[in-house]
Every structure is written in C-alpha cells, then in structure tokens.
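Reading through the structure tokens given below for one structure.
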Amino acid sequence: MKIYLVGGAVRDSLLNLPIKDKDYLVVGATPEQMLQLGYRQVGKDFPVFLHPKNQQEYALARTERKIGLGYGGFSCHASPDVTLEQDLLRRDLTINAIAQDEKGNLYDPFNGIEDLNARLLRHVSDAFVEDPLRILRVARFAARFHALGFHIAAETLALMRQISASDELNALTAERVWQEVDKSLGGPHPEVFFEVLHQCGALEVLFPEIFALFGVPQPEKWHPEIDTGVHTLMVLAQAALLTDDKSVRFAALVHDLGKALSPKEHLPKHHGHGQKGLPLIKALCTRLRVPNETRDLALLVSDQHQNVHQAFELRAETIVKIFDKADFWRKPERLTQLILACIADMRGRTGFENNPYPQGEYLTQCFLAANNVDIAAIIAAGFQGAEIKQALNLRRIEAVSQFKQKMQTKLPTDEQ
C-alpha cells in the first residue's frame with residue numbers, strides 16, 4: 001500500500017500558493033484494509049475514506065468508464081491493481097495530475113510541471129470530453145490563475161467547443177452549475193470564467209440570457225466599448241475590484257439583461273431595460289436555483305440602477321419611494337450593495353474605470369436623513385393607525401428635501 005498527495009495541494013505547492021485542502025490517493029489497498037486501519041468510508045460511488053485522526057480524505061486508486069450522459073455517467077473501478085498512472089490518467093488537467101509520495105518525490109507522467117511552468121491549462125487525455133463539468137472547471141481555473149498568466153491550450157479549447165456542441169452540457173444539474181459559478185464569483189477574476197464560457201460556446205447553452213448581450217450595441221458617447229456583452233464583463237471585473245460580496249458581483253453580471261430585448265429600431269438606445277430584464281433574471285435564477293438573497297439583490301439592481309445613476313435629478317418623493325420599495329429601513333445593507341453594483345456599472349466602461357461616483361454618497365446621505373426621522377415623535381403627536389405611516393412618509397420626504405437643498409453640486413445625467 002502506497003499513499004500519495006495528489007491534485008490541487010501538489011499544484012498549489014509548486015505554484016507557491018497557500019494549500020487549502022489535501023487529498024490523498026491510496027494505491028494497492030482494499031476497502032477492507034482501510035477499514036481495519038481505522039479509516040471511515042464516506043464515498044458512495046467510489047471508495048473514499050476519512051483519516052481516523054485528521055479527517056482528511058483518502059481515495060483508493062480507480063479508473064472510470066463512460067456509461068451515460070453528464071458528469072455522473074461513469075462507472076468506477078477501484079481495486080489494488082489500479083496503478084498510480086492509471087488513476088492520474090482520469091484527471092482533467094495535467095497540472096492536476098501530479099502526485100507526491102510520503103518522501104516528497106514527485107510523479108508527473110503527463111508533464112504537468114512543464115505545463116505549470118508554461119502557465120498552460122491542458123487536458124490529460126481525450127477522455128476529457130466525456131465529462132461536461134470539466135468545461136466549468138477549466139473556466140474556473142482560467143479565472144483563478146489569470147493573474148499568474150495561465151491560458152488554455154488550443155487543443156483543450158477545441159475539446160471544450162466539442163462538448164458545448166453536444167448534448168452533454170444539458171445533463172449538468174442546476175446545483176452543480178451554480179456551485180461552479182459561485183466559486184468563480186468568489187475569485188479575483190470572475191469575468192474570465194464567463195469569457196472562457198463564451199469562447200468555447202458554453203455560455204449560449206448554460207447562460208443564454210448573458211450570451212444574448214454580445215453584439216447588442218450601446219450609445220458610443222456613454223459606452224466607448226459599444227458591445228453590451230463586453231460591457232457586462234467589464235462591470236463584473238469592476239465589481240470584483242470593489243467588493244468580495246458575491247451577491248453584488250452576480251447583480252453586476254445580470255444588471256443589463258434587458259438590453260437584449262430592446263427593439264432593433266431603437267438601438268443603440270435601451271429605454272426601460274432595467275425593468276425589461278426582471279423576468280430574465282427571475283428565469284435564470286429559477287433555472288440555476290440561485291439563492292433567494294442573491295436573486296433579490298440582482299432584481300433590485302436591475303430595477304433601480306438607472307435611478308441611482310440619475311440620483312441628483314430625482315425628487316425627494318421619488319427617492320423615499322425607492323427606499324420604501326427596497327425596504328432599506330429594515331435592510332440598510334442593501335443600499336450599500338446597490339451602490340457598489342452601480343459604481344461597477346459606471347466604471348465598467350472604456351475610459352471610465354477610475355471615475356468617482358458621487359451619486360453613491362449622495363443617496364447614502366439621503367437615506368440617513370430619512371432614517372433619522374423619529375417615529376416616537378410622530379406617535380407622541382397623536383397620530384394613530386394608518387396615519388402614522390402617512391406622517392412618517394411625509395416627514396421622510398421633507399428630511400430628504402431639506403438635505404437636497406443643502407446640496408449644491410449636481411452631476412449631468414449619465415445614461416448607463
């Protein structure tokens with residue numbers, strides 16, 4: 001029985017990156033032997049065991065055979081006669097197919113170290129096409145290691161296009177797709193994840209609402225990049241620079257979906273695109289089973305981002321109505337999230353990347369003024385029942401109005 005450290009831990013160690021999880025491969029052992037040594041079996045489809053002391057995962061060496069559609073359509077064969085190289089052969093990328101024994105010796109039958117040094121994401125074998133999930137994984141690795149200069153090998157990208165052209169992607173479960181999206185949204189370059197999916201044809205299959213934005217023109221005055229799809233990924237990149245909040249990043253990604261529905265005769269203008277996008281966001285979130293809080297913020301940003309951009313032009317009554325509709329009184333953090341998404345939208349344009357966004361501070365101060373209205377004073381004044389809500393609304397409007405009068409700096413309307 002031989003034990004090897006495999007996968008991400010070896011890869012990240014060679015890249016001098018922090019190691020998060022350690023996965024071990026056991027060659028030459030049976031499930032019975034593992035149980036006798038005190039390991040606890042947790043794998044259902046193939047033998048994976050937890051170490052009796054540190055609870056790290058130890059998997060028996062195995063081979064896989066394609067028997068059906070999707071990433072789950074495999075028959076696994078685990079036995080003591082499966083070699084290290086046979087196990088590494090089934091892995092997705094060469095950089096993930098490097099093993100290290102207990103003495104620190106490296107085993108690299110598919111030249112993963114060479115590809116690491118060349119900053120190349122390359123498939124191990126043509127069996128790559130058998131697992132559609134690998135498209136999402138490669139896109140995620142491309143995003144994760146983008147800052148290190150990694151790129152996808154041309155022959156691997158060709159196989160990814162082959163998968164996209166088949167029915168395999170449709171076999172992926174919503175939960176698995178969202179899991180990969182969620183991981184990518186948490187990384188430093190989520191826009192690269194979607195760029196790769198667009199390059200290989202998977203975006204059209206898995207995210208048709210986002211794919212539809214590419215090729216849709218916008219006014220060059222406000223959008224020198226012109227293409228709405230390009231703008232969308234620029235906004236996502238800006239959101240990633242502004243915040244680690246994955247919900248804000250997702251909202252940035254889908255805030256302009258309605259532009260794909262703009263009548264051709266009206267292009268490059270997109271009147272009411274925020275509201276037009278709401279059904280598209282709902283459909284996408286339902287299909288992928290996006291968490292409710294993430295969905296709700298995305299709907300809010302789509303619905304209100306144009307108002308936020310034009311905040312200086314809004315009447316006090318309109319501002320308070322927006323606060324009411326979004327229920328910022330009970331969820332003030334939502335205002336911060338909305339403003340962050342709007343900053344990303346404003347900066348996600350060629351030449352606007354470093355511009356200030358005074359609308360954000362302005363709306364924040366409007367909210368603070370409105371939120372400082374004392375409900376107790378209204379009740380003490382003798383208002384009852386529905387009168388309390390009406391009086392509260394009027395006083396909030398008055399508070400915002402007074403703040404607006406103090407403000408002298410106004411920006412011209414900036415159509416996003």
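Cβ coordinates are placed from backbone N, Cα and C, and glycine is handled just like the others.
Just so it is clear, the model here is predicted, and its values are computed rather than measured.
The ATP binding site annotation in Swiss-Prot covers GLY8, ARG11, ARG91, ARG137, ARG140 and is backed by sequence analysis. The feature CTP binding site is assigned by Swiss-Prot to GLY8, ARG11, ARG91, ARG137, ARG140. The Mg(2+) binding site annotation in Swiss-Prot covers ASP21, ASP23 and is backed by sequence analysis. Positions annotated as domain 'HD' by Swiss-Prot, on the basis of sequence analysis: 228-329.
Overlay of Swiss-Prot feature records on the structure.
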{"residue": "GLY8", "record": "ATP binding site", "CB count, 10 Å": "17"}
{"residue": "ARG11", "record": "ATP binding site", "CB count, 10 Å": "22"}
{"residue": "ASP21", "record": "Mg(2+) binding site", "CB count, 10 Å": "10"}
{"residue": "ASP23", "record": "Mg(2+) binding site", "CB count, 10 Å": "16"}
{"residue": "ARG91", "record": "ATP binding site", "CB count, 10 Å": "21"}
{"residue": "ARG137", "record": "ATP binding site", "CB count, 10 Å": "17"}
{"residue": "ARG140", "record": "ATP binding site", "CB count, 10 Å": "19"}
ARG91 (ATP binding site): secondary structure state under DSSP, collapsed to three categories: coil
Shell list (ATP; ref centroid = CB of GLY8, ARG11, ARG91, ARG137, ARG140; cutoff 8 A): GLY7, ASP92, LEU93, ILE95, ASN96, PHE141
Separation of alpha carbons, ASP21 (Mg(2+) binding site) and GLY8 (ATP binding site) (Å): 8
Span of the CTP site, taken as the largest CA to CA distance across GLY8, ARG11, ARG91, ARG137, ARG140 (Å, rounded to a whole number): 16
ASP21 (Mg(2+) binding site) and ARG140 (ATP binding site), Cα-Cα, nearest whole angstrom: 17
ASP21 (Mg(2+) binding site) versus binding-site residues ARG11, ARG91, ARG137 - nearest by Cα: ARG11
Helix, strand and coil counts within the domain 'HD' (228-329) (DSSP): 79 helix, 0 strand, 23 coil
C-alpha spacing of ASP23 (Mg(2+) binding site) relative to ARG91 (ATP binding site), in angstrom: 13
Average pLDDT across the domain 'HD' (228-329), rounded to a whole number: 96
